[in-house]
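Everything on this sheet refers to the single structure shown next.
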Amino acid sequence: MSAPAPVPDVDGVLARASFADDGLLPAVIQQHDTREVLMLGYMDREALRRTLTTGRVTFWSRSRREYWRKGDTSGHGQYVRDAALDCDGDTVLIQVDQVGVACHTGTRTCFDADHLHPVTGARPAADEGPTP
């Protein structure tokens, strides 16, 4: 028999999280096994609390001004596998098991459609490090 999952210290996480002036925290959603970035959403304190305690990702919709869970209408759910605040506490990474597509356009990820073709840089060789 496996041990029950530990109960998260939600109050501690909420105290460490640094929400913006509008009360929101960017949430990067990533497929847990492939590390594919699926989408970016926003969470307020309650959405983050729900995400950490229910096993389903909950967002705050800035346009509709309401909570929503990916998959409640489409069936394309996001099931929490792990979560971490960044070093400043002002962004959260939620690793999920994505069922179906993540994007409302019907694509796997919200970042598939428009590649920007930036100028890319090359990492300097070991002997070409910064000049002292």
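Just so you know, glycine gets a Cβ as well, placed from its N, Cα and C.
Features of the protein shown, as given by Swiss-Prot:
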- Asp86, Asp88, Asp90: Mg(2+) binding site (BINDING)
- Cys87, Cys103, Cys110: Zn(2+) binding site (BINDING)
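Taking the Cα atom of each, Asp88 (Mg(2+) binding site) and Cys110 (Zn(2+) binding site) are about 25 angstrom apart. Neighbour counts of Cβ atoms within 10 Å were compared across the binding-site residues Asp86, Asp88, Asp90; the minimum falls on Asp88. Every protein chain considered, the tally of other Cβ atoms within 10 Å of the Cβ of Cys87 (Zn(2+) binding site) stands at 7. Cys103 (Zn(2+) binding site) and Asp86 (Mg(2+) binding site) are 24 Å apart (CA-CA, integer value). Apart from the site residues Asp86, Asp88, Asp90, the chain places the Cβ of Ser18, Leu85, Cys87, Gly89, Thr91 no farther than 8 Å from the centroid of the site's Cβ atoms, the recorded Mg(2+) location.
Residues near Cys110 (Zn(2+) binding site) in space but far in sequence (CB under 8 A, at least 6 apart, same chain), listed by position: Leu38, Met39, Leu40, Ala102, Cys103. Using a 10 Å Cβ-Cβ cutoff, Cys103 (Zn(2+) binding site) registers 16 neighbours.
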